[in-house]
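A.B. asks: The structure that follows is given in the form of structure tokens.
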Amino acid sequence: MIRYFTSNPASKVLCSPMLLSTFSHFSLFHMAANMYVLWSFSSSIVNILGQEQFMAVYLSAGVISNFVSYVCKVATGRYGPSLGASGAIMTVLAAVCTKIPEGRLAIIFLPMFTFTAGNALKAIIAMDTAGMILGWKFFDHAAHLGGALFGIWYITYGHELIWKNREPLVKIWHEMRTNSPKKGGGSK
């Protein structure tokens, strides 16, 4: 679990934990909190992107947010393991808040206080920026910030640059898969 399901730039295994760590959590409360936020925003993001694009963005966000965390840890010398889906979930939250900035949100235990999605995103980015600069250790603030910035970028530019231009890449991938030599010496 430590080797493959926690991300740490000081680890011997660097790449696979960048994705696999998004599927592990420190505690049941940690997992429940992440899944509640994901559940709260999942129908909106799936309506915006569609199921396939959502999965591609979500899995990419896990890797990208962990990469930002790696860079920050190496730059500051503050090494340590990270785990959880919050970087990828921040991408989802930021994408929805960017696409629907006037949407109304509330905190689960304080439903009488509502605020716009745009203001919520600004507050989250400010908190994670402060946490990253000041070295707060309660969350992986760099992963959160990386996820949020990726969500903003993707909803603003990524869909047009990546998703709408995916056909040539899909065609190349399909050709690589179908034209690769068969194992075992059999014919096509």
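Every residue gets a Cβ built from N, Cα and C, even glycine.
Copying in the features that TrEMBL gives for the protein in this structure:
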{"type": "DOMAIN", "residues": "18-158", "note": "domain 'Peptidase S54 rhomboid'"}
{"type": "TRANSMEM", "residues": "56-76", "note": "transmembrane segment"}
{"type": "TRANSMEM", "residues": "105-126", "note": "transmembrane segment"}
{"type": "TRANSMEM", "residues": "138-157", "note": "transmembrane segment"}
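Let's see these features in context: how buried, what's close, how far.
C.D. replies: Below 8 angstroms of C-beta separation, residues 36, 90, 93-94, 96-98, 144-145, 148-149, 152 of the same chain, each at least six residues beyond the ends of the transmembrane segment (105-126), sit close to that stretch.
Long-range contacts of the transmembrane segment (138-157) within the same chain: residues 48, 57, 60-61, 64-69, 71-73, 82, 84, 86-95, 98-99, 121, 124-125, 127-132, each at least 6 residues beyond the stretch ends and with a Cβ under 8 Å from a Cβ of the stretch.
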A.B. asks: According to DSSP, how is the domain 'Peptidase S54 rhomboid' (18-158) divided among helix, strand and coil residues?
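C.D. replies: Secondary-structure composition of the domain 'Peptidase S54 rhomboid' (18-158): 104 helix, 12 strand, 25 coil.
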